[in-house]
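Notes follow once the structure below has been shown.
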There are 2 protein chains.
Amino acid sequence: MTQPLKIALAGLGTVGAGVIKLLGENAALIERRAGRPIEIIAVSARDRTRDRGVDLSRFAWVDDAGELSHRDDVDAVVELIGGSDGPALTIARAALTNGKAFVTANKAMIAHHGLELAATAEKTGAALKYEAAVAGGIPVIKGLREGAAANEIGHVYGILNGTCNYILTAMEEAGRDFADVLAEAQALGYAEADPSFDIDGVDAAHKLSILASLAFGTTIDFDAVAITGIRHIIAADIAEAAALGFRVRLVGFGEAGPKGLFQRVHPCLVPIGHPLAHVVGSLNAVVAEGNYVGRLIFQGRGAGEGPTASAVVADLVDIARGEYGPAFAMPVASLARLAPAPAGERNGRAYLRFTVADRPGVLAEITAAMRDAGVSIESLIQRGAAADGSVLLVMVTHECPESSVTDALARLQGSQSLIGKPMLMHILDV
Amino acid sequence: MTQPLKIALAGLGTVGAGVIKLLGENAALIERRAGRPIEIIAVSARDRTRDRGVDLSRFAWVDDAGELSHRDDVDAVVELIGGSDGPALTIARAALTNGKAFVTANKAMIAHHGLELAATAEKTGAALKYEAAVAGGIPVIKGLREGAAANEIGHVYGILNGTCNYILTAMEEAGRDFADVLAEAQALGYAEADPSFDIDGVDAAHKLSILASLAFGTTIDFDAVAITGIRHIIAADIAEAAALGFRVRLVGFGEAGPKGLFQRVHPCLVPIGHPLAHVVGSLNAVVAEGNYVGRLIFQGRGAGEGPTASAVVADLVDIARGEYGPAFAMPVASLARLAPAPAGERNGRAYLRFTVADRPGVLAEITAAMRDAGVSIESLIQRGAAADGSVLLVMVTHECPESSVTDALARLQGSQSLIGKPMLMHILDV
């Protein structure tokens, strides 16, 4: 075991550079913990000349990242290129087929091709590890795969996208509007130039589908995740939610039960007493509720150079120690295939915000639609007319089937009383 | 790998019964996750006749728990007897010497004899696992040993005793006094009849010494933990702390640096914005700050049948999977021996509460002692005379060496102005 673990790095962006720095700075400690050194042998990236703030001269440079999976001097390939298909997938398949350990931070690829890759890894006995793919530096893959392994897990949920949480908490603190905060986040580098993957919930959905597989022992079913992003949240939603005792968070939520597998990413109202209400800025947090352990919470930094590199190297340490097994906690053939559970049969409370015309009968029309759909109202706030003459009407329903709320909104569709689309957010009731 | 993992259980108290229930109820799931069944073969406890709510007839009953470690049909021994020495230690030594895996929830034994046991495990290649010994169901041993393995950890700290946290948050909510809440907690079964191990901080210190070893790669040094319990906290401390923006928590805190290893369990003031301030009731939480991952937080239920059984069985799943290695993350010989770091050189803010006589010159005497010791006062609250004529004086100091605060208190020792001993609590500044 004193032979070093020899690795190749594909992709030298922020995280790749972070892995190089970490393996250098913490080398002595890692060798003690891993039982042997972890050494980078070869690297590959698109642009050889770019200054990444790290010395690459010690490593073999390979122009075609695909070659890394075929080198005899490499034990483990670390893929930090990204993208669900393309070069990342080619490298993954080749590494695992060749019996090399494979470590990735690529949530999109794992969400779409994780089972195929795990099946290959099983065949060749190679390690497939992806701690960095979900919640950055937080060891939540390990927490579910191993730490909570004794439990039947009822639901798993959390704040899985730091960009969205940064935006929502900035809106909360400053009473600012979404577009305004997004622009600032982009300027500061907290949000991508094309922020769609983050703010429309796709990134969180990738992560949720991976967590659900681990928590419930089911196959990954990314396509079954219902996804709503945070684009349509206005400052007033956050203010009114606060007045009612809630904070708004983008939550990925998974639940397995007799009705199947339910997976949803959506902005929802979190009661102020719930731990997720206190997760601020770009932090991530994952909650798992097990039938013996109760509620477990993992919190930390979900992205960025240091935390992501930390998770990648933790995977490498596991590999160096020989402490790894099936990527999804059990052989792929043992994972259950659950049908998607319909949202409509779920019971819960909902937040609704209407912008309405300031004229007689509007409130009666809306409340009648609620009544006719069987939705009972727990609280209602009406704020006097704005400069443009519109009125804000916010309500929280009593617990009822989600289909009833959908029904009530359908009854109001096309109503002349409504200005713009109503906003619906569910309330986190676990 | 389809051979079952055959285990023997020593100790059938609450946790032992929980392990039996869990292995029964979640058997199918555990077999999928572990890759093979986990089967109890034999059990042992003091009283065979006691009704534990579980069917023991399927297992061999052994009167002398010591025999379990010598049975040929047993792969792993689970020790749930407790106590740092005595039968627990005998069983542990025998199991590991015989090459059997050994799982325990026994924090006292690990704190005192963990290194010896780990050395034996290394010799025979046996697994030594103790996830349940720290923070109950929270996978924090795994989180530090593996999840954060890539990091140099600056400090590790947390709320490690659920009984104390229950008492402190009950005092906080109801403004009640310590003795009153303790009596209630005992009546409800949340505190032991002899609560000393919990409320005097010894239990938390056992856990802290284990966490420190994992976090810093150092030998366990329980004797070097400075321990202060929560007996001397009065309702007014909690109320005044709240008025100043703090909550009082019993925190186990460890730090490794050039001055050595610093370990302390003490009630301290946690700023309201710090995540530990929101850990309420009997919950536990552990924070680790790594040089790459940043701040990681693990939270959940730190004791009780279900959570502790969850952690014990997680260890068994690791063993069944063959995913285990050195108990303290590295061979015992690789653990560093750090000298204890002196508290006095630490810088920080402090909370001081004096009960004083209501007469001229008292405030001058106390503030002069502060000045002469070089302690500068950030906030001061004086509450008018109580029925007995005493006055409450509470202050928070600016950051200064702890030795200066100690010096100030020494200067006031024997003063006729003070009624009773002053209360000193440090402020959590990380």
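The backbone N, Cα and C atoms fix where each Cβ goes, and this holds for glycine too.
Bear in mind that TrEMBL entries carry predicted annotations, made automatically and left uncurated.
The annotation NADP(+) binding site is assigned in TrEMBL to A:Ala10, A:Gly11, A:Leu12, A:Gly13, A:Thr14, A:Val15, A:Gly16, A:Ala17. Applying an 8 A CB threshold to same-chain residues 6+ apart, the list for A:Gly11 (NADP(+) binding site) reads A:Ser44, A:Ala45, A:Ala65, A:Glu79, A:Leu80, A:Ile81, A:Gly82.
Residues or ranges marked as NADPH binding site in TrEMBL: A:Lys107. Annotation note: A:Lys107 (NADPH binding site) sits in a helical segment as assigned by DSSP.
Taken from TrEMBL, the feature L-homoserine binding site covers A:Glu192. The Cβ of A:Glu192 (L-homoserine binding site) has 14 neighbouring Cβ atoms from other residues within 10 Å, across all protein chains displayed. DSSP assigns A:Glu192 (L-homoserine binding site) to coil, not to a helix or a strand.
Within 10 Å of the C-beta of A:Lys207 (active site, proton donor) we count 28 further C-beta atoms, all protein chains included. The active site, proton donor annotation in TrEMBL covers A:Lys207.
Residues or ranges marked as domain 'ACT' in TrEMBL: A:351-430. Across the domain 'ACT' (A:351-430), DSSP helix (H, G, I), strand (E, B) and coil residues number 23 helix, 30 strand, 27 coil.
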Proximal but sequence-remote residues of the same chain as A:Leu12 (NADP(+) binding site) (Cβ under 8 Å, at least 6 apart): A:Ile20, A:Val43, A:Ser44, A:Ala45, A:Arg50, A:Arg52, A:Leu56, A:Leu80
Cα-to-Cα gap, A:Thr14 (NADP(+) binding site) vs A:Glu192 (L-homoserine binding site), nearest whole Å: 14
Length of the line joining the Cα atoms of A:Ala10 (NADP(+) binding site) and A:Lys207 (active site, proton donor), in Å: 22
Cβ-centroid neighbourhood (8 Å) of the NADP(+) site, A:Ala10, A:Gly11, A:Leu12, A:Gly13, A:Thr14, A:Val15, A:Gly16, A:Ala17 excluded: A:Leu9, A:Gly18, A:Val19, A:Ala45, A:Arg52, A:Leu80, A:Ile81
Residue from A:Gly13, A:Val15, A:Gly16 whose C-alpha is spatially nearest that of A:Lys207 (active site, proton donor), among the binding-site residues: A:Val15
Rounded Cα separation (Å) that holds between A:Glu192 (L-homoserine binding site) and A:Gly16 (NADP(+) binding site): 18
Three-state secondary structure, which DSSP defines for A:Ala10 (NADP(+) binding site): strand
Listed binding-site residues (A:Ala10, A:Val15, A:Ala17), ranked by Cβ neighbours within 10 Å, top entry: A:Ala10
Which of A:Gly13, A:Gly16, all binding-site residues, has a Cβ with the fewest other Cβ atoms inside 10 Å: A:Gly13
Cβ-Cβ neighbours of A:Lys107 (NADPH binding site) (radius 10 Å): 28
